Amino acid sequence: MAAESSVSIELKGKEKKGSVSHFMKKNKKNMGSILEKIIENIFFLCACMAILSVVTITVYIFAKGSPAIFKIGIAEFVFGMVWMPTSGVFGIFPMIVASILATLGAVVIGIVVGLFTAIFLAEIAPGWLVRIFRPAIELLAGIPSVVYGFFGLIVIVPLISEYLGGAGNSLLAGIIILAIMILPTIISISETSMRAVPPSYKEGSLALGATHIQTIFKVIVPAAKSGILAGIVLGTGRAIGETMAIILITGNTPLIPTALTDRIRTLTANIALEMGYAHGLHQEALFATGVILFIFIMILNIVLNAIVYKKVNQ
Amino acid sequence: MDTEKSKGIPKKRRGILRIKDRILQCLIWAFSFITMGVLVWILIYIISNGISHINWEFISTIYKPVNNQHGIFPMILSTLYIVLITIVIATPIGICSAIYLVEYSRPGKVLSLIRFATETLSGIPSIIYGLFGYIFFVIALHLKWSLLSGALTLSIMVLPTIIRTTEESLKSVPIAYKEGSLALGATKLTTIAKVILPCAISGILTAVILSIGRIVGETAAVYLTAGYVTRIPTSIMDSGRTLSVHLYQLAKEGISFEQSFATAAVLVVIVAIINLFATTLAKGIKKFTIGG
């Protein structure tokens with residue numbers, strides 16, 4: 001506290017040299033305050049752009065997509081097993097299943113690998129190794145998803161085809177690439193929240209005779225739980241929304257997969273694949289697919305908000 | 001210490017504990033190196049296969065497979081255009097929003113609504129942005145499939161990144177600076193313009209650079225709003241194909257692995273450079289806050 005105030009005094013001293021007289025004429029001051037008000041309002045309007053965007057996006061997607069759902073019938077659309085736009089049959093159940101399976105698989109791998117890597121970075125790794133790892137993981141986060149898709153197409157797909165049979169374009173390829181893509185999100189958010197755990201928790205646990213590893217898994221990870229969960233939810237959002245990489249590696253057949261090596265088509269892939277030439281009810285059905293995806297994302301967002309809110313309350 | 005602290009625990013249990021610790025420790029190291037290994041694998045694989053196909057001709061010529069011309073110059077230009085327009089639109093709005101959130105807003109319904117909106121925007125997948133951009137900018141506003149439509153769509157998409165990063169850097173400006181300026185009689189606006197913004201400039205630059213990275217890497221949203229023709233764009237109302245979309249097309253149609261590798265390598269190099277800039281700047285901020 002004392003140090004802080006001494007710094008601020010020093011700063012005030014520094015700034016005095018360049019200070020402008022604040023004894024302004026009265027009307028000039030009024031003009032100034034009007035200008036201030038105007039600019040404050042401009043700032044406010046800019047901040048409202050985010051709200052405006054969310055509202056516009058939601059309204060447009062739902063307005064364009066929901067009529068098709070009712071035209072086709074909610075049950076036929078959501079639980080329909082066949083997607084044949086040319087004969088006017090629009091069922092997206094296989095794609096919903098595919099999206100959920102691919103995301104789930106990726107998240108499970110992502111949690112295991114990501115959590116251990118985050119623990120490594122936050123607790124175990126020596127400083128020099130962290131200085132190599134962390135920029136590398138940031139780079140992993142920055143690589144465009146289409147590059148991952150290409151890598152999957154060139155490397156992962158042939159590997160699967162060679163060892164597990166089939167064409168290689170499969171649910172498994174999707175899971176692997178999605179897992180790699182969401183790792184950076186899970187790692188960096190988990191690491192940050194583990195580092196934010198007060199050192200006294202760790203010291204207390206160590207002082208009671210627990211080993212370092214016990215402290216990590218019984219004290220630090222539980223204490224950082226909400227941050228880790230937030231990272232997982234964000235990763236889930238990224239996985240379920242991924243499109244181009246998935247198109248390149250999963251084969252895009254709209255059937256419910258029965259094995260890891262089966263081809264799948266996700267909700268996102270369905271939109272991107274057919275948007276280019278669709279029209280009429282077909283196009284509306286693609287927007288309706290977007291509506292379903294949007295609802296998934298909204299649910300994830302609410303979960304995320306609940307987690308963050310809980311964290312703030314604690 | 002080890003023997004002292006475990007005096008009370010029976011020998012057998014202590015052994016089990018130690019084995020459990022060892023296993024977990026091994027797992028931690030193993031998974032970390034798997035992560036690192038995958039990253040290195042991807043990078044080396046893409047770069048080593050791509051670099052030999054990158055030459056001046058590849059970068060500087062047009063794309064006309066019929067004439068055996070496979071250059072990526074039009075895509076580089078389209079990408080540049082889209083990055084520029086997006087940054088010009090999104091940065092001022094993002095910075096002003098951040099200033100409002102940090103300096104003016106009072107806790108309440110409006111603030112939590114803005115926060116919720118920003119969170120939601122960052123969670124919406126790019127394909128939804130693509131659909132929205134298509135129905136709103138391309139169709140409703142009659143902007144057609146154009147670089148402008150693409151950039152407008154991406155502007156909304158990068159807004160949360162810019163707002164959040166700028167907010168962080170505005171918050172990191174020591175409060176004493178602000179108090180000092182206000183105490184000297186400067187108005188709030190003058191304080192923001194002359195004291196807070198100059199101090200937060202490196203953070204704002206980081207925000208811009210991070211957004212550029214996101215724009216360069218974006219595929220789905222651009223694909224649905226800016227189109228994928230391979231002509232050299234002559235105006236912002238022209239349709240154009242960005243590098244990412246080009247890589248997608250090459251890989252999807254199985255046109256040429258060599259060109260795909262080369263394009264992927266170009267993308268990775270661009271992203272690596274962008275990342276380097278961002279980390280250097282971020283380090284600058286840290287030094288500033290600690291030294292300030």
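Glycine is treated like the rest: Cβ placed from N, Cα and C.
As recorded in TrEMBL, the features of this protein are as follows:
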TRANSMEM  A:42-62  transmembrane segment
TRANSMEM  A:74-93  transmembrane segment
DOMAIN    A:96-304  domain 'ABC transmembrane type-1'
TRANSMEM  A:99-124  transmembrane segment
TRANSMEM  A:136-160  transmembrane segment
TRANSMEM  A:166-187  transmembrane segment
TRANSMEM  A:285-309  transmembrane segment
For the transmembrane segment (A:99-124), sequence-distant contacts whose Cβ falls under 8 Å of one of its Cβ atoms, 6 or more beyond its ends: 130, 133-134, 137, 171-172, 174-176, 178-179, 181-183, 186-188, 190-191, 194-195, 212, 216, 220-221, 228, 231-232, 235-236, 239-240, 246, 250, 257, 264, 266-268, 293, 296
Contact set, same chain, for the transmembrane segment (A:136-160): CB under 8 Å, 6 or more residues outside the stretch: 117, 166-170, 172-173, 176-177, 180-181, 183-185, 187-188, 242-249, 261
Other parts of the chain folded back onto the transmembrane segment (A:42-62), taken as Cβ under 8 Å at six or more residues beyond its ends: 287, 290-291, 294
